[in-house]
Ligand code: ATP
């Protein structure tokens, strides 16, 4: 089974590109959704999070996202430690999900791709910082421009994304479907 990652910064259009692959019948694993689900339901992970961030991380069994966000917002070391708990749990679940699929390839949508471990090909979705800020603010009315810029600052920069990428999708004013079809054709010919 060929595993293909879709990566890119916040608001670049990863989910939009992933949806086009889904329309083509390709299964998509949404790593962020899966992380949210596991944070809510996986007891081992919940225990680790409480140990790291305190009892306030959950209120009446519900994940206290605002509290966690406020804790890690200006503490990149703590954010890294939180990610080190969540990512292995998601990775384990991903491997069993892959085993259940029978298509020529599958897609994994994930904002972070510091290495290509476990992934055969990587698609980088690119959009300018201006477009990403504009689209994110339009989509998420709970975010401020400062918060979006801070997230961008904490994410990989464009050069790092490009260095790892096998395919680049440009989501500026370019059409997405022809770019995705081109990649799909290549992936089914491998
Ligand atoms: P995140 O990292 O925050 O999950 P993402 O990379 O998955 O974001 P999307 O959610 O796909 O990005 O796109 C961000 C927003 O921009 C969405 O509301 C989406 O509908 C919109 N959008 C994406 N591409 C375009 C486009 N080409 N033209 C207009 N709007 C777009």
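Counting starts with 1 at the first residue shown.
Here the Cβ of each residue, glycine as well, is placed from N, Cα and C on the backbone.
Feature list (source: TrEMBL):
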- 11, 12, 13, 14, 15, 16: ATP binding site (BINDING)
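Projection of TrEMBL feature records onto the structure.
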residue : record           : Cβ neighbours (10 Å)
11      : ATP binding site : 26
12      : ATP binding site : 28
13      : ATP binding site : 23
14      : ATP binding site : 26
15      : ATP binding site : 17
16      : ATP binding site : 15
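Of the chain residues outside the ATP site list 11, 12, 13, 14, 15, 16, 8, 17, 125, 127, 135, 171 have their Cβ within 8 Å of the site's Cβ mean position. DSSP assigns residue 15 (ATP binding site) to a helical segment in the three-state reduction.
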